[in-house]
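What Swiss-Prot says about this one:
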SIGNAL    1-17  signal peptide
CARBOHYD  ASN38  N-linked glycosylation site
DISULFID  CYS93-CYS122  disulfide bond
DISULFID  CYS105-CYS150  disulfide bond
ACT_SITE  CYS108  active site
DISULFID  CYS141-CYS208  disulfide bond
DISULFID  CYS142-CYS146  disulfide bond
DISULFID  CYS179-CYS212  disulfide bond
DISULFID  CYS187-CYS198  disulfide bond
CARBOHYD  ASN192  N-linked glycosylation site
ACT_SITE  HIS279  active site
ACT_SITE  ASN299  active site
Amino acid sequence: MSWSRSILCLLGAFANARSIPYYPPLSSDLVNHINKLNTTGRAGHNFHNTDMSYVKKLCGTFLGGPKAPERVDFAEDMDLPDTFDTRKQWPNCPTISEIRDQGSCGSCWAFGAVEAISDRICVHTNAKVSVEVSAEDLLSCCGFECGMGCNGGYPSGAWRYWTERGLVSGGLYDSHVGCRAYTIPPCEHHVNGSRPPCTGEGGETPRCSRHCEPGYSPSYKEDKHYGITSYGVPRSEKEIMAEIYKNGPVEGAFIVYEDFLMYKSGVYQHVSGEQVGGHAIRILGWGVENGTPYWLAANSWNTDWGITGFFKILRGEDHCGIESEIVAGVPRMEQYWTRV
């Protein structure tokens, strides 16, 4: 009898598996399926004529890796607003509103870090110091402490490197801003754009250079920015909110599924598709949309993606692990005393 039940269970599982519809990633069928579910988010096309190998390459964060020391709780007695947007709280800090482009490289772990570090330097100096911290410097020089460069890395290692070795300035690709601007070119997700197409895996990790680009002053060593401490934030909705409210944006990481690639608006919740990989982003606020609490975050897939590069994701339920991998830190303030 038990053998018969086992056969029936297997047949039932097989039938259920066959009944779950499969939609190719990046397809119109997947977009239509997500939108028909009428959830809190809306889907659309962010990647046109783009290889899935390129998209998988973008998700370059190793989840569950080395953890930064966790800071103590301090949110219990804080009165936090229902909505908070660091772009509005610190309007004189331009990096908070910036969307970067990691190009064909799994460097999201580095981008999430340098973006939040740039923001925090401005926040902690009361907007007296505004700098784009170099993703190139972190990506190319951190080495195995951070992971494998364009083949993936650890957010905790990125923040530790900032405190121990420091990071120079550096803007977007071909910007010639700062000591070491990003050297991996952006690519075009859309059909009719000015960038080259996004194809293949590509994305060789740039060579570490401890020299600024010609004509830039001060020197590489003199241009370094340091953190005094880096830490993990407890896996608590209120603790993460308090951290952002007090110190500015943080770096977070989560599991990307195929439906996230199609995000266009609303509050993202995973409803369809398989895992693509781990991805790091910058969380810069929170809010409530039509009764659904969300985190406000910045991606590094250029302004074509999502809401001009930004997105909202379900808050308070550790959705896709978004609240489990929060890392942050505080700048070493004495290096800025002459300017604040």
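Using the three backbone atoms N, Cα and C, a Cβ is placed for every residue, glycine included.
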C-beta crowding around CYS93 (disulfide bond), within 10 angstroms: 24
Local backbone state of CYS141 (disulfide bond), from DSSP in three classes: helix
Candidate nearest CYS122 (disulfide bond) in space, where candidates are the disulfide-bonded residues CYS142, CYS179, CYS187 and distance is Cα-Cα: CYS179
Cα proximity to CYS105 (disulfide bond), best match among recorded positions CYS142, CYS179, CYS187, ASN299: CYS187
Secondary-structure category, per DSSP, in which CYS122 (disulfide bond) falls: helix
Residue, out of the disulfide-bonded residues CYS141, CYS142, whose Cβ gathers the largest set of other Cβ atoms within 10 Å: CYS142
Cβ neighbours of HIS279 (active site) where a neighbour is any other Cβ within 10 Å: 24
Least surrounded among the disulfide-bonded residues, given as CYS187, CYS212, when other CB atoms within 10 Å are counted: CYS187
CYS122 (disulfide bond): tally of other CB atoms within 10 A of its CB: 22
Neighbour-count leader, CB within 10 A, recorded positions: ASN38, ASN299: ASN299
Euclidean distance between Cα atoms of CYS108 (active site) and CYS179 (disulfide bond), Å: 20
Among CYS208, HIS279, ASN299, which are recorded as recorded positions, the nearest neighbour of CYS93 (disulfide bond) by Cα: ASN299
Entries of ASN38, CYS142, CYS187, HIS279 which, being recorded positions, have CA atoms within 10 angstroms of CYS108 (active site): HIS279
Rounded Cα separation (Å) that holds between HIS279 (active site) and ASN38 (N-linked glycosylation site): 25
